Every structure is written in structure tokens, then in C-alpha cells.
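Trainee: Take this structure, written in C-alpha cells, and hold onto it; I'll ask about it next.
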């Protein structure tokens, strides 16, 4: 994997770091159509907005002249610069985070080269803003005089800056693409290497786990059987104790029933004896009352029988 990264870096350095000799600048044509900057990454889209705005500024139309005098162009260029560099930094940090699997010295070199490319792009954008600000100052100094020469010089400078900006942006773009591809491939290689190293260990662990699982299942089965036997013995013991308790309770109930019957018999005998005693108490009294009553009835009858015969004798 280290060899792969060395090859990628050498290829990139050969294609991107070579200094391009400046070619003679042709006569600037205001309003000339520029190639559009294209890209799908957020930083590329932000740079595309800066690129389009710079193309509009280079037209040096009447509206551009008015906004240059009011510093609006400089302010908008500053906002677009900050937005672009913010997106570039975020994307670079994301890419550096994906370079974990590569060697440390390679990662440091890649990070240093990306930061240098980012700094060149920022310098180009700063030069554009500085040149526009300088043009604004010069126009204000020549207020009321012709500014055609200044406009031509600004257009020429913007053309040079635009070409340098395009070159450095493409250089950064190529570096990011190459390093991202290398990071992805390095990650895949690292994952494959880790999988190859861990494969035997995983298989060994699986076999060991299966062996341990078998022994554990045997041990658990033996323990379960012993626990079952122990539980069954305990249940039988509890059943025997329960039967003994039931038999003991049945005997106690029989004793209680016998005692109740015995007490019932005794109470019945006592009641009969008490009844006989009452009878012996009241029978003489009843007989005596019957005799007295019979005597009284007899006296009354005798009195009634003698009453009619004695009355006529007294009248004579």
C-alpha cells in the first residue's frame, strides 16, 4: 500500500507541480466568453460562483463601474472568497480523515501538499480582490478624467489572474481527486488485509467457541440431571412427610370424634338421671295434691247432698 501511494504522489507531482512558463498575453477583449468552472463538490460549486462573478466583473460594464466605486464588488468578492475557502478547508479535513490507513509520513506529506495548494488558491483570489481594490482607488484619483487605460490594464490583470486561478484550482482539484481515490483504495486494501489477518483468528475463535459451547452444554446437562434427581428426591420426601401428616391428622380426628361421642353419652345419661330426679321430686307432691283435691271434691259433694233435706224441718 505504501508503494501505491508513492506511485500516486510521483504521478501527481509530475503532472501538477511543473511550473508553466507564462505565454505572451494577447490583446484583451472585454466581454470575451470564459470557460465555465464545473464541479460537484461543495468547494467546487463555491469556486464556480466566485468564477462567474469574476467573469462579470471583467466585463467592466457601467453597472460594474458603479459598484466598484461603492465597494460593493469588493465586498461580494470577499464573501465569495470566504465561502470558497471554508468549503475547501472542510473538504480537505474530510479527506485527511480518510487517510488513516496510510503510513504516517505519507499522510503528513499529503496534508502538507493539500495545504500548499489551498494556500495558492487563496492567494490567487486575494490577488483578484486586491487588484480590483487598487483599480477602484485609481479610478477615484482620476475622477473626471478618462479611465480607458485603467480599464484596459485591469482587464489584462484580471485575465492573468483568472488563468492563474484556473491553473491552481485545477491543480487542487486533481490532487483532491487522486488522494481521495488513493484513500478509498488504501482503505479497501487495509480492510482486506485486516480481514486476512483476522480470518484465521475468527475461525479459531469460532472453533474454540464451539468446543467451549459443547463442553458447557454437557456440563449444563449433567448439572440439570443432578438437579432433577435432587428435586425428585426432595419432592418424594415432601410427599412422604405430607402423607404422614395426613395420617396423624386422621388419627387425631378419630380421637376427637370418640371423645365427642363419649361426652355425648355422658351428657345423655346425666340428662336422664336429672329427669328421673325431677320426677322423684314432683311425683309425691302431685299425688298429695291429687288426694287433697279428691277429698275436697268429696266434701263438696256431701255438702250438696245434705242441704235440701234440712231446710223443710226448720220451717215447721
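Easy rule for this one: first residue shown is 1, then count along the chain.
Including glycine, each Cβ sits where the backbone N, Cα and C put it.
Features from Swiss-Prot:
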- 1-18: signal peptide (SIGNAL)
- 79-100: repeat '1' (REPEAT)
- 101-122: repeat '2' (REPEAT)
- 123-144: repeat '3' (REPEAT)
- 145-166: repeat '4' (REPEAT)
- 157-167: region 'LDL and other lipoprotein receptors binding' (REGION)
- 167-188: repeat '5' (REPEAT)
- 189-210: repeat '6' (REPEAT)
- 211-232: repeat '7' (REPEAT)
- 233-254: repeat '8' (REPEAT)
- 277-289: region 'Specificity for association with VLDL' (REGION)
Trainee: How many of the residues that make up the repeat '3' (123-144) does DSSP mark as helix, as strand and as coil?
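Mentor: Across the repeat '3' (123-144), DSSP assigns the residues as follows: 19 helix, 0 strand, 3 coil.
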Trainee: Report, as numbers and ranges, every residue of the chain located at least six residues beyond the repeat '3' (123-144) whose Cβ falls under 8 Å of a Cβ in that stretch; write 'none' if there are none.
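Mentor: Hits for the repeat '3' (123-144): 50, 54, 57, 65, 68-69, 71, 73-74, 77-78, 81, 84-85, 150, 154, 157-158, 161-162, 164-165, 168-169.
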Trainee: Could you please provide the mean pLDDT value for the region 'Specificity for association with VLDL' (277-289)?
Mentor: 83
